[in-house]
Amino acid sequence: MYHQLILMALIGVIMANVVPFSMSNIPEEYKEFIPEEVKNFYKNLTQEDRQILRELASKHATFTNEDAALEALKNKSDKLYQKAVELRNFVKAKIDSLKPDAKAFVDEIIAKVRSLRPEDGQKLDVEKLKQAARDIIAKYEALNEETKEELKAPFPNTTKIITNEKFTRIANSFLQKN
């Protein structure tokens, strides 16, 4: 579950498709939107950790679920596995603290974004990504105000993203239909 976070998942999980393995690969203008816990996770990765993550990311289609991927990670590096589980549990606790409507919204986003992962050897389909982002934004906008407010407390960075003018301009330009 640690592949989320634009609209609860979009940036993070999409980044999981092109895992940067280093905060230095993320443009400066986007770094302010990344939660400290995620920054710390990446900041504390060793070269060996990054190599392990790259190797496992290249095999993502072979894992039946997240637990299988974590088990493979554990077999490669118990220390890295512990870090990943800690981050996963942090995010999972935030999601689990939500009321049913907000939790359903987040779970739906996670499922949608995970479905965008390309098959082995394939590239991420940018048009599908754009459509998924448009769908997620439309679903967010359709939420009642109470649910939107509830999402703010456990996910302050997501709120910051959604309400940031600079990000909105970047997102609108990216999401334009070709």
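Cβ atoms are placed via backbone N, Cα and C, with glycine included.
Here Swiss-Prot flags 1-16 as signal peptide.
The Cβ of Asn44 (N-linked glycosylation site) lies under 8 Å from the Cβ of Lys83, each of these being in the same chain and 6 or more residues away along the sequence. Summarising the annotation, Swiss-Prot assigns N-linked glycosylation site to Asn44 (among others) and lists sequence analysis as the type of evidence.
Per Swiss-Prot, the feature coiled coil maps to 67-89 (among others); the stated evidence is sequence analysis. Through the fold, the coiled coil (67-89) approaches residues 1-2, 37-38, 41, 44-45, 48-49, 52-53, 55-56, 59-60 of its own chain, all at least 6 residues removed from its boundaries and within a Cβ separation under 8 Å.
Cβ environment of Asn75 (N-linked glycosylation site): no same-chain residue six or more positions apart lies under 8 Å away. The feature N-linked glycosylation site is assigned by Swiss-Prot to Asn75 (among others).
Summarising the annotation, Swiss-Prot assigns coiled coil to 123-153 (among others).
Marked as N-linked glycosylation site by Swiss-Prot on the basis of sequence analysis: Asn157 (among others). Its Cβ placed at the centre, Asn157 (N-linked glycosylation site) has 17 other Cβ atoms within 10 Å.
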